[in-house]
Amino acid sequence: MLPYQAVAMDYAVSSSFQRHQPSLGLGVNINPAFTHSCILELRKEKSRDAARSRRGKENFEFYELAKMLPLPAAITSQLDKASIIRLTISYLKLRDFSGHGEPPWNRDGPPPNKTLKTGRNRSSAGLAMEIFEQHQGTHILQSLDGFALAVASDGRFLYISETVSIYLGLSQV
């Protein structure tokens, strides 16, 4: 910041003001080049502050987006902006892909057509089967001696299970 109080003015206004200003008789002449450079410095400072503010807001939004990813906080805190966008796009593609399957892969419980239609008390076997269906994907991955991956028609990986790190030494992310 400059050592004196400064007000940003339009250069055209300030230069016309300098041309038509009568001499104050104090023997002080303000150099128009100095005035112009001060105005330019003020504009640069204002622009830098605006850019800093935009970057701060952008970083906050990236941080919020990273927190929404279905990954541990230890991983999301290490991601750069490009990785956050890449993982978000992959996650959205996986959600789209999973919605078209039969049965659909959702975390909200079994699909509506799978629930019992009668109002009777559920048997313990029926309840156990319903709970298993809710967590079927997790059970399959736990019993699998390997890793699972889903590939889109264009050859891109949509999903790779966490166990890939055990067998291939690669990170899931």
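Here the Cβ of each residue, glycine as well, is placed from N, Cα and C on the backbone.
Automatic, uncurated: that is what TrEMBL annotation is.
Small disclaimer: the values here were computed from a predicted structure and weren't measured.
The following features are taken from TrEMBL:
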DOMAIN    42-95  domain 'BHLH'
REGION    101-120  region 'Disordered'
DOMAIN    133-173  domain 'PAS'
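Predicted-model confidence for the domain 'PAS' (133-173) is 75, expressed as mean pLDDT. Across the range of the domain 'BHLH' (42-95), the DSSP-based residue counts are 46 helix, 0 strand, 8 coil.
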